[in-house]
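Right, one structure below, let's go through it.
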Amino acid sequence: MITVKNIRKAFKDLVVLDGIDLEVKRGEVVAIIGPSGSGKSTLLRCLNLLERPDQGLIEIGEAKLNAEKFTRKEAHRLRQQTAMVFQNYNLFKNKTALQNITEALIVAQHKPRDEAKRIGMEILKQVGLEHKADSYPITMSGGQQQRIGIARALAVNPHAILLDEPTSALDPELVTGVLQVIKSIAEKQTTMIIVTHEMAFAKEVADQVIFMADGHIIEQGTPEELFDHPKNERTKRFIKQVGEPAELI
């Protein structure tokens, strides 16, 4: 489904990703945790070329790309395999919730407007916001805007959804609603890679958890393996510092 081999990314002299290898199976949910500056978000952005890796191989679905040399067509095909959910929502302020969802369906996938609207309304219902179809982002809470961002990603039916700290910009009382939407999507066997600082959420929802630090994958395993029985000392220190994951409400 997703295979990443020897991905490296540096910003001038600062190495952010150093030889990252990763495999994600179809229908699997992978949570990436770690301290700030560990390269988590950069890894996600490299997967859909929002950041161009300096080297390495990326394979998502039927799209393959060599980071050192690729064509515009190869880049376009790789980007089509994923949809991104950003921490700051990235909605079009001048478009309604429904229009934000249907934009990519009409412009990128060339679907008829009636079909795009039907898909958009189905997805809005899935995230519990069908009553907000004609509302603009300015009239919605941060949690509602993020759910629209998730709906937009779902609508294009990607091979995988990449979520970059989807709750980090939300007020605490809005976090649970967004996490519950993501959990419901995970239960439908949607392939997802989630960068998160919500440890309880990662433990409950993920099939695999990856701990990153200093541009490396330090340890990975099932939630039980990584949170309850970490092997690496760096992982143990991190888990101790952030606290044991509580149960997701």
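Sequential numbering from 1, following the chain as shown.
Cβ coordinates are placed from backbone N, Cα and C, and glycine is handled just like the others.
Here Swiss-Prot flags 2-239 as domain 'ABC transporter', drawing on sequence analysis. According to Swiss-Prot, the ATP binding site annotation covers Gly34, Pro35, Ser36, Gly37, Ser38, Gly39, Lys40, Ser41.
Spatially close to Lys40 (ATP binding site) yet at least six residues away along the chain are Ile32, Ile33, Gly34, Val195, Met212, judged by Cβ distances under 8 angstroms. Of all the binding-site residues given, namely Ser36, Ser38, Ser41, the one with the smallest number of surrounding CB atoms inside 10 A is Ser36. Excluding the listed site residues Gly34, Pro35, Ser36, Gly37, Ser38, Gly39, Lys40, Ser41, the same chain places Met212, Ala213 with Cβ atoms within 8 Å of the centre of the ATP site Cβ atoms.
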